[in-house]
Amino acid sequence: MSSAIKVEELRKSYGELRAVDGISFEVQAGEFFGILGPNGAGKTTTLEMVEGLRQPDSGTVSLFGESPWPRNPRLLPRIGVQLQASAFFERLTAREQIRTFASLYGVPARKADEWLGVVGLEDMADKRNEDLSGGQQQRLSIACALAHGPDLVFLDEPTSGLDPQARRNLWDVLRDINSQGRTVVLTTHYLDEAESLCDRVAIMDHGRILESGPPASLVRDLDAPTRISIESGVLTADAARTLADGVEVSDDGVSLTLATRTPAPVLSALAERDALRGLSVRGATLEDVFLHLTGREYRA
Amino acid sequence: MTGFVSLSAAMARGFFRDRTAMFFTILFPLMFLVLFGGLFKDSGASKTDVLQIGSVPVLEQLPAEAAAGIGQVLAVERTDDRADALEQVRKGDKAAALEQVGGELIVHYSAADQVKSATVQGILESLVQEANLAAAGVTTPALKLSAKPVEDESLKAIQYMTPGLLGWAIATGATFGAALTLVTWRQKKILRRLRLSPVPVTSIISARVSVSIVIALVQSAIFIGVALLPYFGLQLADQWWGFIPIMIAGTLAFLSIGLLAGAVAKTAEAASAIANLITLPMAFLSGAFFPLEGAPEWLRTVSEFLPLKHLVSSMQDVMVRGEAFSVTLPDIGILLGFTVVLSAAAAALFRWDDA
Ligand SMILES: Nc1ncnc2c1ncn2[C@@H]1O[C@H](COP(=O)(O)OP(=O)(O)OP(=O)(O)O)[C@@H](O)[C@H]1O
Ligand SMILES: [Mg+2]
């Protein structure tokens, strides 16, 4: 496999603030890659340097073996970008909007119109973008990024502001374009999304990559306990602690939760006591990995 | 090429759907025209209207040069209805009616307007004398009367104002159009988005240029159309359409001013403030609103450095003074010079985004 993106020791400072502080990663052609991180971690800055919108202070970026900076006309038709802040022409309808963008890439109007259908905006085609809802604008912006069939797609928080239906539908769209061999890079705050879509993720904070790899192996490496919950009042906390060795118990009045690294004996002990009412078992998720790596404090 | 076309379409749609922009580029200058055109309807040098009954060889056989001289002071209209002609003079609609019977030139005039009838009589008397001298074989008379109104250089208000206000409207439209497109497209991140598409910068710029030229043509059509209404009574010169090249050169010059303002300004408010600061004083100093003929020497010197002066004076020359298109060539050159210098500066200061 050839690499679609190769980033080495990339840095960018805004005055004193080191927004991106020496990051390196590689994305293979056809891969689905996610960048995760708290607000202000440097995700957007990284993407913009990779796309060629910002000049890095130091380090190198290469897309398909070419540098995106300065503006590289050979690369531009091959990449599609949805920016975190949507950019639309003023006072144009959704249809005019996507047709205009598509035509910049030589894509015919008919094909552009199809993309309105793909993101479920046919009924909104004649509405001006100022009159679309936030989520509808977001979908239009994604359609504008994808209409010319780019080999490499950058999406900065594509599902922020989308309702659950739109989010799932967009996942299908993204899986579909990825299965056509296109490389997709996205940032997101929804860790279930990253877990479900991405072949590989990088978790960033303070301008650095803390960890990267396939979501499943990051979760496995975290070696976090499984959390078994039952309805409060079925079992006392003290009784629960005696079920097996090394069980951490907490009761918030709604659920009693047992955290254990050996869930099987705990579950069978609960079954023996007929204490399974309201049972739910939750293994560690990417969210646990994320919080473990980046902590729980608010970010600026 | 498709990029150029679709960007032009996007810009044009954005403009024609923007009520504020439409108001300030088209309706607002038109309000000036209607207001001043109405107020000063009857001021300025006006020709004396006379009627010619049937054939009047003395007038018809004048040499071209002399005919043009007469044409500046007398508006001669031919009619064959003698009774009606006399009636019009009686009512004061015309200053006089001329009739030639054999060797006799008869001037019918009304005593009501003595100034006008005296003017007509004076001019015709000199004509008759010249004709007599010519008949007597004197080709170069010792003394010759040539009639010229003292207001020769000035024009009737509407004649003056239409090109003046139109020039100002075009200048404002082009300056604001370029400055605001640049700033709002930068602020709304459209420029960054375009930067990521394979469209060449030249397509973006030429789209703006062509949209501005279309807007200038629309402004011209509306302005001229309104001024031609009988109420305002604009009289266009024969080759009035020769103003189109100078108008395009003017649009380019003011576009480059706008691009420069847009490159410097960070917000739309700042961009319009700069654009206003440039175009409004310029309108007063360039003779767009009132003639510079009576203005002090220093002001006339200053005006030579203002692109609007060159735009307006050339437009007046061609549209209403009846000059040929070729007299505008020097001004076209000057305006294109402005364009080259200012757009080079704008290109040097160009930014795709604020960050
Ligand atoms: N144009 C700018 N000028 C100055 N500082 C900036 C600029 N853009 C970003 N920053 C700062 O750089 C840091 C990284 O910003 P960035 O937008 O890359 O974060 P992010 O990971 O995309 O955050 P989010 O999840 O909120 O989108 C932040 O602290 C931000 O305040
Ligand atoms: Mg961001």
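Positions of Cβ are set from backbone N, Cα and C atoms, glycine also.
What TrEMBL says about this one:
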type     : residues  : note
TRANSMEM : B:21-40   : transmembrane segment
DOMAIN   : B:121-353 : domain 'ABC transmembrane type-2'
TRANSMEM : B:165-185 : transmembrane segment
TRANSMEM : B:205-234 : transmembrane segment
TRANSMEM : B:240-261 : transmembrane segment
TRANSMEM : B:273-292 : transmembrane segment
TRANSMEM : B:332-352 : transmembrane segment
Selection from B:21-40, B:205-234, B:240-261, B:273-292, B:332-352, the stretch that has most Cβ pairs under 8 A to the transmembrane segment (B:165-185): B:240-261
Same-chain residues at least 6 beyond the ends of the transmembrane segment (B:273-292) whose Cβ lies under 8 Å from its Cβ atoms: 154, 160, 164-165, 167-168, 171-172, 175-176, 179-180, 254, 257-258, 261, 264-265, 299-300, 302-303, 306-309, 311-313
Contact set, same chain, for the transmembrane segment (B:332-352): CB under 8 Å, 6 or more residues outside the stretch: 186, 191-192, 195, 245-246, 249-250, 252-253, 255-257, 259-260, 262-264, 307, 310-311, 314
